[in-house]
Amino acid sequence: MKGLVIALEGQDGTGKSTVINAITGYFDEMGLDYINAREPGSTNIGEKIRDILADKANKDMDYHTEALLFAASRSELYDKVIKPNVCKGTSVILDRFLLSSLAYQGIVRGLGTDEVMKINDFFLEGFRPDLTILMDLDAKKSYERLKKLGELDRIESLGEDFQEKVHLAYLKLYEENHMKLIKLDGTKDKESLAHEALDEVKKLMKEC
Ligand code: TYD
């Protein structure tokens, strides 16, 4: 059987890691093989690209360059991590994936979702995650959390207004029904979030 690919999405500070931990905890309990990956990064080249993207010295980065660098990191991840693991039956739990580029670069940076999709489909060959979980939380709350987590990177330090634009962009993508996308209410407690996410994952497993 092929492995599943599940991606967590939402602006920074929405609680993606809480849900990732719940899913991997369930996989552990069931004795299922999985690996975690984060975007950008999780490959040798991807981590180098992550450093360039996070570096505050690169404030003047052109938005097309930004979109292409995220795509380049994703191409490495798809080729070196996602494809081989899925083929051997290992699931891949992703901290961000394609929807991040549609929200941040496509909508908020204004490059267009179709254009961003095009540069990604250049290497994704039509691949989409089996499930994408969007953490829905307003930017006031998520930004409060984010600031407590430590030093902010180049994109995070663009401020609360930017994060609210990202939040609205995600909601727009949700309304437009991009991919197999479900939305969880980020104001709920950890247990409820874990429960709701696992219900979806279990449904997915039954379909296989
Ligand atoms: P993230 O890994 O969530 O940051 P951290 O681990 O420091 O919390 O992502 C880094 C930043 O990159 C984040 O602000 C979201 C942004 N991003 C995009 O703009 N486009 C993308 O395609 C991806 C994957 C991330």
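Keep in mind that glycine also has a Cβ here, set from the backbone N, Cα and C atoms.
What TrEMBL says about this protein:
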BINDING   G10, Q11, D12, G13, T14, G15, K16, S17  ATP binding site
DOMAIN    8-191  domain 'Thymidylate kinase-like'
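A map of TrEMBL features onto the structure.
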residue : record           : contacts (Cβ under 8 Å, 6+ apart)
G10     : ATP binding site : K16, L134, M135, D136, L137, S142, H167, Y170, G186
Q11     : ATP binding site : L137, A139, S142, Q163, V166, H167, Y170
D12     : ATP binding site : S142, L146, I155, E156, Q163
G13     : ATP binding site : L137, K141, S142, Y143, E144, R145, L146, L149, Q163
T14     : ATP binding site : M135, D136, L137, S142, R145, G186
G15     : ATP binding site : M135, L137, R145, G186, K190, L193
S17     : ATP binding site : D95
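Close to ligand 1, meaning a Cβ under 6 Å from one of its atoms, are these of the binding-site residues D12, T14, G15, S17: D12.
Listed in chain order, the residues near the ATP site other than G10, Q11, D12, G13, T14, G15, K16, S17 are M135, L137, S142, R145, L146, G186, each with its Cβ within 8 Å of the site Cβ centroid.
This prediction places the mean pLDDT of the domain 'Thymidylate kinase-like' (8-191) at 97. In the structure as shown, the Cβ atom of K16 (ATP binding site) sits within 10 Å of 23 other Cβ atoms. Mapped onto three states, the DSSP output places K16 (ATP binding site) in helix.
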